[in-house]
Structures are given as structure tokens and as C-alpha cells.
There are 2 protein chains.
Amino acid sequence: MKKNNNGKLRIIPLGGLEQIGMNITAFEYEDSIVVVDCGLSFPEDDMLGIDLVIPDVTYLKDNIDKVKGFVITHGHEDHIGALPYVLREVNVPIYATKLTIGLIDNKLKEHNLLRNTKRKVIKHGQSINLGCFRIEFIKTNHSIQDASALAIYSPAGIVIHTGDFKVDYTPVFGDAIDLQRFAEIGKKGVLALMCDSTNAERKGFTMSERTVGKTFDNIFSEHKNTRIIIATFASNVDRVQQIINSAYKYGRKVAVEGRSMVNVIGTAAELGYLQIPDKTLVDIDQIKNYPDDKVVLITTGSQGESMAALSRMAANIHKKVTIKPNDTIIFSSNPIPGNEKAVSRVINELSRKGADVIFQDAHVSGHACQEEIKLIYSLVKPKYAIPVHGEYRHLKAQAGIARDLGIPKENIFILSSGDVLELNEEEPAKVKEKVKTGAILVDGLGVGDVGNIVLRDRQHLAEDGIMIVVLTLEKHSSRLLAGPDIVSRGFVYVRESEDLMDEARIVVEDAIDICLDKHITDWGKIKNIIKDSLGDFLWKRTKRNPMILPIIMEA
Amino acid sequence: MKKNNNGKLRIIPLGGLEQIGMNITAFEYEDSIVVVDCGLSFPEDDMLGIDLVIPDVTYLKDNIDKVKGFVITHGHEDHIGALPYVLREVNVPIYATKLTIGLIDNKLKEHNLLRNTKRKVIKHGQSINLGCFRIEFIKTNHSIQDASALAIYSPAGIVIHTGDFKVDYTPVFGDAIDLQRFAEIGKKGVLALMCDSTNAERKGFTMSERTVGKTFDNIFSEHKNTRIIIATFASNVDRVQQIINSAYKYGRKVAVEGRSMVNVIGTAAELGYLQIPDKTLVDIDQIKNYPDDKVVLITTGSQGESMAALSRMAANIHKKVTIKPNDTIIFSSNPIPGNEKAVSRVINELSRKGADVIFQDAHVSGHACQEEIKLIYSLVKPKYAIPVHGEYRHLKAQAGIARDLGIPKENIFILSSGDVLELNEEEPAKVKEKVKTGAILVDGLGVGDVGNIVLRDRQHLAEDGIMIVVLTLEKHSSRLLAGPDIVSRGFVYVRESEDLMDEARIVVEDAIDICLDKHITDWGKIKNIIKDSLGDFLWKRTKRNPMILPIIMEA
């Protein structure tokens, strides 16, 4: 599948546009492809029973000889989560910063892929050569440490990809975003900027993560006599660091609960991204040995996830922690859209147990707001603007910002997943073709074995349940040997609806009689007649539309 | 079931506590019961396939001789929506203000209940006698007109129930809340205040609805050349009035779309709650006869409801309106918690069609914030505080306000639905007993025929689908005559999982062989053995847990 690029760089988002999550973008120039990020997304409300969603990488498989490696911007699930699945088919080396590789390694270990995957740690400021590309890692800030923007040097020009980022002049750990380097590369001339759009609808500047530290100090000083439990994102190591700092200051031990929280804190501490004073951390089993006012518990569950530690505490089914009246419980992260009701449910349950629930509305996000986006555009001064990371409304909002900054309309591209944008310095950039992309559903061990038909069936079953009609016909004669039996699930309380079920049986018997009278022996036809007559009857009587499944056996 | 009250008023919330919606409260004194409100609630996320939820009114049915009437505070669904269902069993007269009765009448007409139900229109300031109670209607403000607080005069003392309310000094239509009357009754001595808690967590004052009018004027003046489409709540007649005012000012015709919007606007206009200048309103079919910049369309769908008019326009399946590039579309209401993702989906679809989507973040709510709640408490000066209308967290927040205002802790009652609070001026109030309450699920025409078992089945089916195993056994001998046949729905793509299905069949055949070998003839046992072995096999192979339904027929 050799393609003639005519000296053009091809940018191919294989996911991550039109949605938050599943970020993955291929950069192709002649016989080289590098892939930036390889994330998963979480299932939409109508994807019943699905655990997670990964991108369709058919294009990479079809061009496997060209693919030089994955370059990962940071360690969040929507940027690394699909690696264990995609690597099975596209096994190329992974390049990322130290913490990012640490978190990827955790995943690969779980999936037994560590031994067969090459990973390389890259430092900020360092570059790597992959085929005809050179990729430079630039320091940024985000709600996880070690995030990078990428400068992608291709024969057709330089592309800057910000990854997820914010501008934090006073980060909790490490350096601020390397604005000088953005400016320096901008001076050289940048062909295209692919910039994070998540907060492009929000005016102003995102606050520094450090501002959260002060509110922790306030809360600790106001609640000196109670146990403190704090829920936040496992991956927000800086937030955890600030909790540990406040705990240390106020003489409290820190325990950690929730699988992902334990994992991330372990990895971050081991790699030096988290400073924990001696004897501050105690095991969750030990907290009972300390008085309540000497303990802080950091836990998962800030989004009301039903199986997370805090939700289990709220529901009284956590094995090690029981919520007590007067516990001070802090939600240290705003609900992600869609999680509001779940969060509220947990808050109600905790309040009912007498706990004092505090919502730390810190207005601190990991993503750049409008003024930060303008800053990056002004430093980089790209020829083309390609907003990334966000739903359509966010991409469009960034396109508006780019317009305001003087980038001509025809140089701004709101791409869809699968679009192949071809560009160089000479000719106008253009979406040339579309490659296959899609969302592959992961359900249990199954990858891709649940698709639209299965989902539609699940939605149908969820809505009104199922009614199964079984009958046995005699071979050749088609005489009714047994049945019809009707069994339903998820439709009505059968015991309280005996009349309805009796009538349904008569409807089915009548339908079968008609088939026998008319000598209809085609099972498909018999099934359809049963389906239609029973469906009509049930709709008239209940205004419901259960799935009707006739099964004919032959004896 | 005559109860001896010992001169005590019994307050019995039959719904509406611990949740938003399904408001209904009984007030009982000796042989008189009056019921305040009779609302529905919308299904929770786990109530699959359910249309709406109504309260269990067993207590009213058991005491039907005492029940004197329904007194309704205002015309929102969570206060009137259960009437058509409850009236079938508790047919007593309904008392409410004019617009509220108008909206109730619409409902009763739909359910063919108009002829057999007594309704009486009450004016603000007027009182009615119901058994030993006198009920006075007090003017309040809310996001629907004609809202009332109630002063409930009983031999045991006066209770003030605010209904849903806010303080709007400059309402769009009619008068401001009758604060003087609250004060006057307060002076007489009020036994208990039952006050709206919805916004009890929010500091400050709710803005006047009138402030929204100015933002409409601004938007109309900034978008003089495009068609304007505005989505808002059908019931917010004042909002609609302000849109009509701006439209008239800017020389635009107004069309209305969406069943509930057409209904409410019709009723409100007919009863004089909406002033529509001559020739301003045009039929939706006529808008094509006017240029885009002479038209405003008011529509339902501000919450992203999938079947609402705006959502259908966004999805390109609306019969009469096609979204054009440059349409200006205004969302004139904030998403209710839980609807954020649906709203975002509609915004993305509209943006993708080139429309300019504006979020009118007016911060105008229909519910009192903390300062307004304090104001009412300070005017009424109740002995007892009984926060109502809200989830536990909201009730608790109001309880905190009551404490701050000096009401002793033991005089503040956060009730649960079904609690019977007995009170008078002499003895300390006390929750005396608990009566039966509950949520009855309405699904299509079925009221209460879907319960926990059916819902659990729907959740199970939704999660992993169903696998049906059918076999026919010979009468007496239990010899296998036909099958086992395996049919699945919502589990896997059968065509792509043939191996798995083949193996599943072998597992079932082995299970049946074991039963035959061991001469097991009990069908229940055979079914369990099939269930267990197939379940184990599928879990091992897929980490999924479909519903397994063995059906045995006899021939």
C-alpha cells in the first residue's frame, strides 16, 4: 500500500476528534509513520454493558511496515489506555517521559506485554529520530506530571502538538511549561499547530494547581478534631502531594485507598515525582491505631463511580473504612459532565451518615482556557490551525480563537477522525481522503465482538424485556408436538399479570392455528406471524414493545 | 383505621423527600386529611424502560374517608404529574390557582378524567375550609406563574408550606411574593415552616427573571440577520413572554414547536397569563413564508431530551424545521444535573450543521437561595423547621441555615418519606411512626406491574444479553427428543463467534448427558445444572455473565 505523498505531510487522526478521549493521531511522510498517543474512551450511555472503547487501527495495520513508534504525550487513560490492545497488532516501540512510561509499564504488566514491548524514556528537551521524522519533547503542565508537547519535524515542515496542557507558572512539582522553546520553534516557522481544545469555551486563564494547596491548609486548620477523607483523581499526583504536605504540616498520617490510587502513588513515589516525608504514609489497616484527628485518608471515587472506594464507604460495603458522624469528607475535583448525579448520590449517602461533606470548588483544571490558547498561538504563529482534543463545540470554539488571532479561515481545519490532511509549505493544505476508523468496544475479554446489532438488542432488552415463545413441531408433518410455551424476562411481574400472559398464549395459539390451516411450513414465516400477532397484542394492551423471540424445535 | 391524634397535627410526607420530584404531603388532624401536591418524578438511570414514577398512596386509600382534597401549590410536573394516576383511587376535589388548574385540566383531559373530577380555582389571598383545616393561598414567585405558598391552619397550630418559590421583587408578570402576608401570619405565631430546599446550598439571592429579558434584547440586536431558535422549558411562561417581547421589538414573527410548548403557551394565553401582540404568532408551517431574519422559533428540547423538537432538528429528523448554517440557536436554561451530556450532544450536532449555538447562562433559577430562605424564616419565625423539596444534602443545608438563625436543633426535622411527625404547641414534636410509601413505576400503560425483579432482569439483560437453551424431553422417559438449541440476543455477534457458540452447545450437551446418566428427572435441577455449567464456561471464556434461560418442553 505504498502511497506517493508528493512531498506532503499527512496528518491522520484515528480518533479523539468529535469526542473527549481515544486520542490517537498518525503522522505520515512517505515511508514513515509516527503515532502520537493511543488512548481509550469510556462508553457512552447507550453502549450498554461495555467496559471501554478503543480506536480501530486498521490503517496502521495496513501500513505496519511504515510505523516507527508510538510517541505518548502523557500518562492519562485517554492517551495511553488503548496501548495494551493496539500493541497486540501494532507492536512498535513506545517513547515517552519517565512517569508516563512508568504508568504504561503498569498497564503492560497487567496484560503480560512488558517483555515483548520496547519502551524508551525521553527527557524534556530531548529529540528522537523516527524514520524521516524528528520528534522533540517540550515541557508542559497538566493535571498529571511529565506532560509533553511535541515538535514534529518533518521534511514538509514543523508541526507542534500540544497534547493536553495548561500554563502553570507556579507548578507544584518541577518546571513551568517551556514557553521559550515554543517561541524559539515558532521563530523558525511552524507549519501547523494542533492545540488542546477542551477548555476553549472558557474565558481567561486556568488557575495554578498550587492555589489548591492553600484551600487544603484552610480546610485542615478548620477541621482539627475530625478524621479527614479526601477523594480526588488517582492520576493527579500534584494534588496528592499537596494533601500530603498539609497532612504533614498538621501532624496527620496519610493512608491511601482505591486500586488506581495505590498504583499511581506507588509509581510516582518510586520514580521521584512524589515527596513523602518519613513515616507519614501508613497502611490502611493501621489507621485504626491512630486517633481520628491524626489521620487523612486519600481515596478514589471523586466521580461517584459505583465501585470506587469512597462509593463503597458511602454504601457501607467497604471492608476497611466505616464512615462516622463528624468525618470531614472533601471532594477535590469537579464532576465530569455526566457524573453529576452519581456524585450527588454519594454525597447524599455520606451526609445521611452524619459526615460533613465539603465540595472543594477549586476551579483548577488541567486544560488551557482561552487566554492560554491565545498565548500558545502567539508564540508558535503557525500557518495552519488544527484544533484537537474535544467535542465539536470545543474544536469550533478554538477555531474561533484562531480566526480572532488572524489565521485565515481556509487555514483552519476542524478535522473528523479518519480525515487525511495533506500539507506542506507550498500548496494549500487539503483533506485528501478518508481512511477507515471507528470505535471498537471492549466487553470483558471480548474486543470487537459486541457491535451495533448486539448493542441494539441490549437497548431493546433494557427497555421492555423479552418474551420467548417456544414450540416443537413434528418433522415432515409440522404437527405441533409441544408448546407453545411463553417465557418472559424483564417485561412484567408474571405473577401479577397472569391474565395478560394467558391471553398472550391464546394469541400465539391462534397464530399457530392459522399457519397450520394455511399449511404454512416455512419456519421463518411462522415465526414472523407469531411475532407480529403477539407484538400487536402486547402493544395494544401495554403500550410496550418487548423483544419477541419465537423458537421452533423439530422432533 | 381511626387514629387518636391527642390534639396533634400529623405531617406525613408520602414522597418528595430524599429526592427532587414526586412531592406529596398529607396533613392529618383527627378525621381530616388534606394533601398538598401530587407530583411525579422522572426515572433514575437504573430504572430501565420506565416512563415515570408516582407515589404509593396506600395511606390515603386506607384513610379515604378522611381525605378532603388536594391542594396544589403550582403547575409543574413534580407537583401535579401524578394526579391522573392517583385520582383513579383517591377521587377528591382539587384546589389551586387559575393557571395551575388550567394545566391540571390539560392532563385530566388526556386521561379522560375531566368529567369525574372536581376542580376549584382559588385566588391568592383566598382561603378554603377542608374538614377541620383552613388553607390560605399566598402569592409567591417561581419559574411558573401562579405559584402559591400555603398557610395551613389546624387546631394544633399554623403550618406554612412554601411550595417551590423564589423572591422576585420585579417579576415579569403579576405581583411579587406577598412578603407582608408571611410576616403577618408569622406575627400570629407559626408552629412549623416547610420551606423549599432546592437551592439551600447556594449563597446569596436568586436573580429576577426580568434580568433574562435584557440578555434576549442583546442577543436579538447582535443577530439581526439570522433566524433565531430558542429552546427553553415549556412551563416557563415568563421566559416565553420575554422572548415574545424581544421578537415584537425587533419585528420578528414567533412560531412555537414541541407538544408541551404548544400546550402550555395555548393554556397560558387563553387564561391571560401571556400577552401576545396581534399577528405576532404564526403557525410553524408558515415560517417558510418569512425571511429568516423575521422569524423566531421557540421550541422544547433545552435539556437535550432525545424526542424533543430541538433534538429532532439537530438529528435532521424534524419534519418541519431544517437547521441552516448561520441559524442562531439559544439554549435558555441550564442543564438539570444528569442532562449535561445529552445537551452537549445536541450542541455538537447543531454546531456541526454550522449553527451558532449560544448558551444563555442567565443564573436565574426558580428556587430561593440562602438569603431568600433566611428572609422567609425571619418573617415567619416558626417554632419548628421542616426542610422540604430536595435531596438529603439540600435538606441538610437548609437545616444548617435554620440552626444559624437560632432554631434549636431538636426543633429541626429532616424527615424521610413515610415519617409521621406529630406536633402541637404544647409537647415536643416527634416522629411517631412510619406509614407505607414507595415509588410506583409507570411503563407504558402499566402502573406498578414493573418492580424490582423486572428491573433487575432488565439491568442484567442490558449488561450482557441473554442466552436461551431449549430442549424437548419425552414425557415419562425424559428422553431428549429435540435440542438443545441455543439462541442468544445481546451477547455476541453470533456469526463472528461461531466457535464459542459451538463449544457452548457441547457444554450444554455434556450437562444434559450428566443429568440423563444420573437419572435426574427434576426439571428444576436439570435447568440449574445447565445454567451453572454454561455460566461457568462463558465467564471463563469471555468474563461476561449473560442471563441464561433454560426452557424444557415436554412432548
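Each Cβ is built from the backbone N, Cα and C atoms, and glycine gets one as well.
Not measured: the values here are computed from a predicted model.
Some features that TrEMBL has for this protein:
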| type | residues | note |
| --- | --- | --- |
| ACT_SITE | B:Asp196 | active site, proton donor |
| ACT_SITE | B:His367 | active site, proton acceptor |
| BINDING | B:Gly49, B:Asp51, B:Asp443 | Ca(2+) binding site |
| BINDING | B:His74, B:His76, B:His142, B:His389 | Zn(2+) 1 binding site |
| BINDING | B:Ala234, B:Ser235, B:Asn236, B:His363, B:Val364, B:Ser365, B:Gly366, B:His367 | substrate binding site |
| DOMAIN | B:21-223 | domain 'Metallo-beta-lactamase' |
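Overlay of TrEMBL annotations on the structure.
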residue: B:Gly49; record: Ca(2+) binding site; Cβ within 10 Å: 25
residue: B:His74; record: Zn(2+) 1 binding site; Cβ within 10 Å: 27
residue: B:Asp196; record: active site, proton donor; Cβ within 10 Å: 28
residue: B:Ser235; record: substrate binding site; Cβ within 10 Å: 24
residue: B:Asn236; record: substrate binding site; Cβ within 10 Å: 25
residue: B:His363; record: substrate binding site; Cβ within 10 Å: 12
residue: B:Ser365; record: substrate binding site; Cβ within 10 Å: 18
residue: B:Gly366; record: substrate binding site; Cβ within 10 Å: 24
residue: B:His389; record: Zn(2+) 1 binding site; Cβ within 10 Å: 30
residue: B:Asp443; record: Ca(2+) binding site; Cβ within 10 Å: 27
Nearest-integer angstrom distance between the alpha carbons (Cα) of B:His142 (Zn(2+) 1 binding site) and B:Gly366 (substrate binding site): 5
Within reach of chain A, those binding-site residues of B:Gly49, B:Ala234, B:Ser365, B:His389, B:Asp443, CB-CB under 8 Å: B:Gly49, B:Asp443
B:His76 (Zn(2+) 1 binding site) and B:Asp51 (Ca(2+) binding site), distance between Cα atoms, whole Å: 17
Candidate nearest B:His389 (Zn(2+) 1 binding site) in space, where candidates are the recorded positions B:Gly49, B:Asp196, B:His363, B:Asp443 and distance is Cα-Cα: B:Asp196
Which same-chain residues, if any, lie at least 6 apart from B:Ala234 (substrate binding site) yet have Cβ under 8 Å of it: B:Gly258, B:Ser260, B:Met261, B:Asn263, B:Val264, B:Ile265, B:Thr300
Rounded mean pLDDT for the residues that make up the domain 'Metallo-beta-lactamase' (B:21-223): 96
Subset of recorded positions (B:Gly49, B:His74, B:His363, B:Val364, B:Ser365, B:His367) lying within 10 A of B:Asp196 (active site, proton donor), CA to CA, in sequence order: B:His367
Cβ neighbours within the same chain of B:Val364 (substrate binding site) - under 8 Å, at least six residues apart: B:Thr206, B:Met207, B:Ser208, B:Glu209, B:Thr211, B:Val212
Recorded positions compared (B:His76, B:His142, B:His367) - the one with the fewest other Cβ atoms within 10 Å: B:His367
Proximal residue to B:Asn236 (substrate binding site) among recorded positions B:Gly49, B:His74, B:His76, B:His367, B:Asp443 (C-alpha distance): B:His76
Separation of alpha carbons, B:Gly49 (Ca(2+) binding site) and B:Ser365 (substrate binding site) (Å): 30
Number of other Cβ atoms within 10 Å of the Cβ of B:Asp51 (Ca(2+) binding site) across all protein chains: 17
Alpha-carbon spacing, B:Asp443 (Ca(2+) binding site) to B:His76 (Zn(2+) 1 binding site), which is rounded to whole Å: 21
